[in-house]
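Copied over from TrEMBL:
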- D121: active site (ACT_SITE)
- D139: active site (ACT_SITE)
- 7-26: transmembrane segment (TRANSMEM)
- 69-86: transmembrane segment (TRANSMEM)
- 93-111: transmembrane segment (TRANSMEM)
- 134-155: transmembrane segment (TRANSMEM)
Amino acid sequence: MKLKISIKYLLFYIITFIVVIAGDLLTKEIINTQMQLGSSYEIIPGFFNFTNVHNTGAAWGLLSGHIELFLFVALLAGGVIIYYFVRSKPEEQLLRFGLVLVFAGMLGNVYDRAVFQYVRDFIDFIILGYDFPIFNIADMGVVIGMFCIIAEVGIGEYKQWKFNQLNS
């Protein structure tokens, strides 16, 4: 099991990883030093705010206070991500990109949980009257990464289906 990757793509993945981690930690630090906990700053009225909150749980505050569980799951997930990245085929660039985004996002939130015992969230959208759960750049990395992974799997399934159709 040897990783086959060009230098061009390796650099792209490393830069992506650094940008997500640095962007996440830097924006969290700026928000937490410039805004009081619980305060909001309106960016686009009725649609987009920065709201400084601390989340001890997962999305929507689920499993609040179970830091050890989150760290353990992150450790397992990190191992799975590395395993699939190494085992991925060179042509599965969308899968690799998604895995890098998920890994970087996961580490951004793991850092918060390990250092602060909570995750610093601040991106707050209100769409059609619904106030979405507040999130951060690490969360965006995880979600966008998962979409990339799902898309790559879907593309692979479609290619296999098409191949089977042509050869049956």
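Easy rule for this one: first residue shown is 1, then count along the chain.
Yeah, the Cβs are placed from backbone N, Cα and C, and that goes for glycine too.
In the structure as shown, the Cβ atom of D121 (active site) sits within 10 Å of 21 other Cβ atoms.
Sequence-distant neighbours of the transmembrane segment (7-26) (same chain, 6+ residues past either end, Cβ-Cβ under 8 Å): 93, 96-97, 100-101, 103-105, 107-108, 111, 136-138, 141.
Geometry remark: D139 (active site) versus D121 (active site), CA distance 9 Å.
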